[in-house]
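S.K.: Structure in structure tokens, see below.
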């Protein structure tokens, strides 16, 4: 078997004092926290598209990436090489999961029938490699946005033929996701939206989107796919206005169409900020709705208005993200998928590894800090005290549905002063700083 990364050793944990860029400083996969190895808390995953398909191309320049599989000119040889490279990459980084779009792993043919046959050959290669590896599929999905046929959308297209093609493509993607033991299946509507309402039948598009998702649910039941269906919200890009704008919008859509019981959310950090939210906001919304399924781990540049998909390095963000995951009970059929790409000028193979290492370290550290915050209940206690008025007296009656406008008016009408608690935001931010510093100091 050809080795694709001979210059890269198996990445080891060396501790926080290490200056080796090809070593973990905070991520020890076998470190046991709360009775479970860290790797099982975090469930890291490699995104096939960014790691093995992205070439460093941008709207203003040609590809820059130096990749060992680029030596292959035949599309099938390159596809097989990428699969083999994936397993070597995961094993050297001690990552146990990967995710893919159908068109990432195999090239398209002239017809859908031909494309499916090509896809089957690559899936067989993946299955062969899985036999000798502990690498598993976290989730699969279909690329319903790159091909020109999807210029008007897939489930929300104006063409019944395109709708049929998209349905057949998702049918096949569900089949191979099941065949490979995927824990979930993601729906991301990059072209499900509009550029202008001047040419859009908004009602029909939304109804057709619901019909499409319902068909997917029904087919999954038919073939016995028990993985978790996930919606990945994003407000814009490539489409000006996308229907799965954020968690709240997508949940309202699912609820309105009686689909909410079948779906959870795959939350991406950079999508949250594009929607004008923090990463934690989207995770909190999903958590309180009981719909936090999985995470696409990355970060954006707040000075730029597009999806930069950078590797996560912000300890505050990862701490607050893992706080929400822990409070939700941890991942079940989900994990932390690095939907992140190295910068265009970081074109060496080594940079691929370094990007994943820093992302894994940052989330590992964030988890350790968040675990202490949850265990010590410092935020819980403050919030409970802040809202204490709803635990007793008239507040308790409000919560229990025993108060109405007349009763509340009678209660408040002669009160002269209302004393409010301080929000203490500065204190809590200081407390978060202290937990970060203290946790790092205690690490070996």
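Glycine too: its Cβ is placed from the backbone N, Cα and C atoms.
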S.K.: From 195, 205, 261, 268, grab the residue that Swiss-Prot records in the same Mg(2+) 1 site as 232, 296, 339.
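M.R.: My reading of Swiss-Prot gives 268 as the candidate in that site.
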S.K.: List, in sequence order, the same-chain residues at least six positions removed whose CB sits under 8 Å from that of residue 339 (Mg(2+) 1 binding site)?
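M.R.: Long-range Cβ contacts: 47, 50, 268, 296, 297, 298, 309.
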S.K.: For residue 101 (active site) and residue 271 (Mg(2+) 2 binding site), what Cα-Cα distance in Å is obtained after rounding to a whole number?
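M.R.: Here the two Cα atoms are 18 Å apart.
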S.K.: Determine the Cβ neighbour count for residue 101 (active site): the number of other Cβ atoms within 10 Å of its Cβ.
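M.R.: So the number of other Cβ atoms within 10 Å of residue 101 (active site) is 20.
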S.K.: Compare the C-alpha of residue 232 (Mg(2+) 1 binding site) with the C-alpha of each of the recorded positions 104, 271, 307, and give the closest one.
M.R.: 271
S.K.: To the nearest Å, how far is the Cα of residue 271 (Mg(2+) 2 binding site) from the Cα of residue 104 (active site)?
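M.R.: Cα-Cα, rounded: 21 Å.
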S.K.: If you count Cβ atoms within 10 Å of the Cβ of residue 309 (Mg(2+) 2 binding site), leaving out that atom itself, what do you get?
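M.R.: For residue 309 (Mg(2+) 2 binding site), the count of other Cβ atoms within 10 Å is 21.
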S.K.: Starting from the Cβ centroid of 268, 271, 307, 309, which together make up the recorded Mg(2+) 2 site, report each further residue of the same chain whose Cβ lies within 8 Å of that point, ordered by sequence.
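M.R.: Checked against the 8 Å cutoff, the neighbours are 234, 269, 270, 274, 296, 298, 300, 308, 339.
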